[in-house]
Amino acid sequence: MESLIALVNKIQRACTALGDHGEGSSLPTLWDSLPAIAVVGGQSSGKSSVLESVVGKDFLPRGAGIVTRRPLVLQLHRIDEGKEYAEFMHLPKKKFTDFAAVRQEISDETDRETGRSSKVISTVPIHLSIFSPNVVNLTLVDLPGLTKVAVDGQPESIVQDIENMVRSFIEKPNCIILAISPANQDLATSDAIKISREVDPKGDRTFGVLTKIDLMDQGTNAVDILEGRGYKLRYPWVGVVNRSQADINKSVDMIAARRRERDYFQTSPEYRHLTERMGSEYLGKMLSKHLEVVIKSRIPGLQSLITKTISELETELSRLGKPVAADAGGKLYMIMEICRAFDQTFKEHLDGTRSGGEKINSVFDNQFPAAIKRLQFDKHLSMDNVRKLITEADGYQPHLIAPEQGYRRLIESCLVSIRGPAEAAVDAVHSILKDLIHKSMGETSELKQYPTLRVEVSGAAVDSLDRMRDESRKATLLLVDMESGYLTVEFFRKLPQDSEKGGNPTHSIFDRYNDAYLRRIGSNVLSYVNMVCAGLRNSIPKSIVYCQVREAKRSLLDIFFTELGQKEMSKLSKLLDEDPAVQQRRTSIAKRLELYRSAQTDIEAVAWSK
């Protein structure tokens, strides 16, 4: 069972080393889940003397005002033999055998965190391990003494600051409260009892300790309290007799003080019947045993919590991405990998693995054909317009057989209007591709880390799409112009021939251009234009896909990659200027993950179920 307390000690030290102090944080905390015994009391309650009595050594700083300004995690390790010594976690290679030096180091380490002349407090704990054959395996957290008034230039908030710190420790359900109260004061005014009652109203995890029993007024005693009648707790009260200030000034050692404490209870008529559960030695053994039981009961839940938290931290760490490489080659490789991830996401949208690419089909199947249908060819082929163009094309010499030049002008005037829908189709596909670029940007988690790289890649991709759009527009309009530039003669040769096709040259020009004749010309032209439109409905989508979609899949970032290989280290670093908040978050999560994995390994190595 002793290994269980050692296990918690080890995890507590790891928590402090890796920045988990249990205070409010956006990261999960393991510290708050560990069973601990917090020592709570007013500044004049005898709290320090109780701790020194349990340890059997003088090692705590003393003085007026607030002496304890940081939590002291006191880990006691029982050894079979050898000289007593102490170790601080912040000085791992140094053993202290002089406990006066331990006292000084506690003061110095407190000043390093809070400032030498400062009166402020800090939640960052000091870890002190004491190895001795005269102690039990136990961990105690010494907290600053509660006070009611700020003195000696202390900030006005110090009273509330201390109370908030103490409360933040003892309100946790895994915290065992050791409430120190002086017997020579009314228990109703006890700072320790007052605050412990607020967080543990039923007294289920509070141990009461009465100090200064030997200093009570003559004719009074603490029997009612010690027997649970004055203030009832789940666990029995423990009375202790500490060294007086005169004893401390005379350097009375702890062995003599413990002997005198035993003699006091054994010879006292009031407390003789309670001797077996009184005194600092009994207090230490009782707390050690209780802590072992609590730790064992918490281990299964702690394991589940650790496993769940490791999974959550790993997921977030993966989402945040890898840290930036230090060398130019590593940076270049990172950028290339991120760009490839983006490019792959973009291709998946086009290929149908992701949504969005189907909108291009909608342009070809719906938007483009509908735009052609909306072209008002009937206006171009109205009776007046046909007569006008035919007449203008004939010039001063009327046509002999068929008005070929008139036909050409009519067809050209219709086909030129197709340029509008063709350009609109090019622009519509361009707009869809740009939307897919922005969508792919948002879906490429790595790009979220690097705002500058995101802007550069987005700009390069859009520039490529713009170039492809321009090429596509040229190719698409060329298809339309080709239809205008060379007509399919065979179409007209297959048209039904009429005797009136050319008219009688001897008739007047107005007789020759009668309504029936002009209607036939308009009908023939419309049939030809419809044939051309049917062909363009097939060829224009092919041109757009070839020039825009296919090229976007094949070479979207080619120019960016070429320029990237020529960039210097400083410019590569600028592209990877990750948000400092993300960097800090990744570092914090990595440390916290290290803590949880270490705790998981430590727990699995302990045969706690035996």
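Using N, Cα and C of the backbone, Cβ positions are placed for all residues, glycine too.
According to Swiss-Prot, the feature N-acetylmethionine maps to M1.
Averaged over the domain 'Dynamin-type G' (31-300), the predicted model has a pLDDT of 88. Residues annotated as domain 'Dynamin-type G' in Swiss-Prot, with sequence analysis given as evidence: 31-300.
The list of residues near the region 'G1 motif' (41-48) in space but at least 6 beyond its ends in sequence, with Cβ under 8 angstroms from a Cβ of it, reads 60, 62, 65-68, 142, 145-147, 179-182, 190-192, 211-212, 240, 242. The region 'G1 motif' annotation in Swiss-Prot covers 41-48 and is backed by sequence analysis.
Around the Cβ of D214 (GTP binding site), the number of neighbouring Cβ atoms within 10 Å comes to 17. DSSP assigns D214 (GTP binding site) to a helical segment in the three-state reduction. Among the features that Swiss-Prot reports, GTP binding site is placed at 44-49, 212-217, 242-245, with the record citing similarity to another entry.
Per Swiss-Prot, the feature region 'G3 motif' maps to 142-145. Taking Cβ pairs closer than 8 Å, the region 'G3 motif' (142-145) reaches residues 38-45, 47-48, 51, 60, 66-72, 74, 121, 162, 165-166, 169 in its own chain, all 6 or more past its ends.
Here the region 'G4 motif' (211-214) has long-range neighbours at 45-46, 49-50, 180-184, 221-222, 239-242, 264, 271, meaning same-chain residues at least 6 beyond its ends whose C-beta is under 8 angstroms from one of its own. Look at Swiss-Prot and you will find 211-214 tagged as region 'G4 motif', backed by sequence analysis.
Counting residues 6+ beyond its ends, the region 'G5 motif' (241-244) has Cβ neighbours under 8 Å at 46, 49-50, 53, 211-214, 252, 257, 260-261, 264-265, 279-280 in the same chain. Sequence annotations record features per position, and here Swiss-Prot assigns region 'G5 motif' to 241-244 based on sequence analysis.
Marked as domain 'GED' by Swiss-Prot on the basis of sequence analysis: 518-610.
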Cβ neighbour count (within 10 Å, all chains shown) around S44 (GTP binding site): 13
Secondary structure tally of the region 'G1 motif' (41-48) (DSSP, helix then strand then coil): 2 helix, 2 strand, 4 coil
The one of S48, N242, S244 whose CB sees the fewest other CB atoms within 10 Å, among these binding-site residues: S244
Set of same-chain residues at least 6 away whose C-beta sits under 8 angstroms from K212 (GTP binding site): G46, P182, A183, N184, N242
